[in-house]
């Protein structure tokens with residue numbers, strides 16, 4: 001009995017070992033996997049059968065498959081086979097595919113619309129469809145029949161095309177705006193290539209004509225050179241030869257006639273410094289360097305997002321990263337706070353986030369304008385350079401609606417950003433040394449030089465540092481040479497005020513409210529007035545020259561000059577309250593702040609903190625009246641070589657027509673004889689009293705000369721300017737430095753000093769005795 005049991009157990013053990021690889025009870029997950037794999041095999045098989053069946057394969061099976069496909073989907077059988085194979089792959093890899101199950105629906109919708117369009121292309125508009133048609137099959141036939149019940153043939157085609165475009169946009173995640181911009185860029189490049197080809201053929205033709213004109217038989221009379229040859233000679237003598245203007249596009253503005261250049265008979269020696277062409281050419285983008293295609297090293301965004309979420313969760317703040325925007329300098333992580341989480345609690349953890357992310361600075365934007373999210377801006381490991389050409393070659397600049405677009409840079413999402421100087425209408429730029437302030441000024445000037453010719457825009461450039469803007473000397477846009485002297489700086493501002501008042505009188509006579517309306521009424525381009533842009537590279541030096549007068553002049557220009565087309569661009573590297581005063585800030589609402597040393601400096605410029613968190617090298621904050629909050633941008637970079645090529649391009653076309661009155665306006669500088677009347681008949685008496693006491697003060701002169709405080713203080717100031725008295729030292733009396741007045745300021749009185757008043761009888765009697 002024991003042996004029988006043993007044999008039975010052995011057979012049972014052997015049977016179990018054979019069936020051990022085939023589990024009797026599969027889990028639900030394993031059953032789903034098996035069903036997917038079986039369905040994948042069927043999809044692969046059906047797709048291959050459809051692919052092979054579309055050929056004229058011999059045999060009953062091949063013929064039947066072909067007839068079935070042609071009757072069902074028509075010529076779309078190729079598309080059906082691809083769809084089937086695609087679904088087969090999707091079933092094998094569900095983790096990567098089923099996260100986007102809507103892709104199947106949109107892919108099938110594209111196929112159905114294509115079948116409908118194929119069937120619609122062969123259908124007769126005045127008769128019914130033929131089901132036996134092999135173009136769209138039954139699917140295309142019934143889909144078109146459904147559309148034609150409600151729409152006509154044309155609208156049915158439009159609807160199907162619109163559905164195809166919508167499905168493609170959803171499947172590819174491509175923006176329609178980017179597609180249009182890309183097509184526009186291709187159009188611009190094609191136009192430039194065509195214009196270059198035409199200009200090259202024109203150059204060959206002109207050279208051939210010049211060679212024919214240069215050849216003259218012996219014995220013929222010498223005639224005056226042609227207009228073309230005179231132009232070439234003038235260009236060669238006026239500027240360098242390494243730029244060819246023949247392949248640049250023309251601008252339809254005629255230069256103003258220069259004084260004495262009208263038809264006045266023959267001129268033997270034309271003035272070379274008055275060379276101005278009749279047609280201006282705008283500079284091509286070839287003068288600028290190609291933008292580098294370097295990738296931004298922002299690290300692992302998903303890893304940083306998890307670090308941000310975990311760090312905030314460790315402090316009891318529940319958030320979720322819902323959006324990641326990668327910019328040229330920073331990456332912005334958009335946080336969605338949970339219900340009941342205060343924004344102030346997130347902003348208070350700014351330093352803790354910087355510690356967790358191992359980065360020196362983290363800036364929080366709470367909330368992001370227009371979104372119920374909090375932005376965490378983390379610096380990238382390496383920053384990308386935003387070149388000027390990358391912005392100027394975009395359709396946003398080429399077809400801009402702005403009157404004077406300025407290329408500022410790219411935002412945190414990597415999108416280009418432009419601003420209109422006409423809407424600003426004045427700009428204040430501040431930042432510490434090396435933060436990108438001077439490069440920003442160069443990009444602003446370059447943006448204008450790429451858009452307008454000298455008859456449309458004029459510049460007045462003030463450069464107390466001498467070396468920043470002096471490179472622009474010689475461009476025909478200048479009203480005067482780049483100003484470096486303090487007296488000329490103030491004179492230029494006064495000239496701008498006089499020009500502003502003159503333009504207002506012209507507008508009143510012409511019935512126009514501003515410069516745009518006035519120029520629209522002028523049929524002759526010569527009578528149109530240009531815009532004037534005043535650029536001051538260092539406001540602090542200008543303020544130190546004459547604080548009161550400069551502040552009043554700037555405020556008056558900022559208040560009234562917008563309508564006359566005069567705009568200010570002020571820059572300073574010392575954003576203190578004595579330079580950027582309250583009156584200047586109130587009249588210049590558009591501001592750019594680069595990296596500054598402290599939060600106090602940031603509040604002086606932007607009225608808000610944040611500038612001290614910037615990274616430098618073009619990282620900036622921009623605020624304008626038409627935007628609710630500050631925008632963080634990576635500024636445009638313009639190299640010195642690019643600026644030199646741009647300046648050389650304009651100086652080759654013509655020379656500036658300077659206006660001497662810009663720097664010859666009467667000014668009142670501190671310490672000059674114009675600042676106050678240096679004559680006062682009591683000066684000798686005042687000096688005598690001061691010499692007696694050995695010290696000087698306004699109260700002393702009040703008592704001794706019987707005069708009021710205003711006159712006494714004025715005499716003290718005059719004596720200080722003459723060098724008789726020393727400077728003020730708090731409440732202490734002033735030191736007497738000289739015992740006599742300068743000879744040039746000694747008054748010649750024809751009458752004695754005025755007698756004391758008769759109200760005090762005792763003093764009068766004493767005086768008579």
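Just so you know, glycine gets a Cβ as well, placed from its N, Cα and C.
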Any idea which of 56-74, 75-93 is down as transmembrane segment in TrEMBL? 75-93
Quick one: sort out which of 146-171, 172-197 is the transmembrane segment according to TrEMBL. 146-171
Residues that sit under 8 angstroms from residue 437 (ATP binding site) by C-beta distance, when 6+ apart in the chain: 429, 430, 431, 571, 573, 594
Given the binding-site residues 431, 434, 436, which one is most crowded in terms of C-beta atoms within 10 angstroms? 431
Within a 10 Å radius around the Cβ, which one of these binding-site residues has the most neighbouring Cβ atoms: 432, 435, 438? 435
Averaged pLDDT score, the domain 'FtsK' (413-603): 90
So around the ATP site, 431, 432, 433, 434, 435, 436, 437, 438 aside, which residues have their CB within 8 A of the centroid of those CB atoms? 573, 594, 595, 616
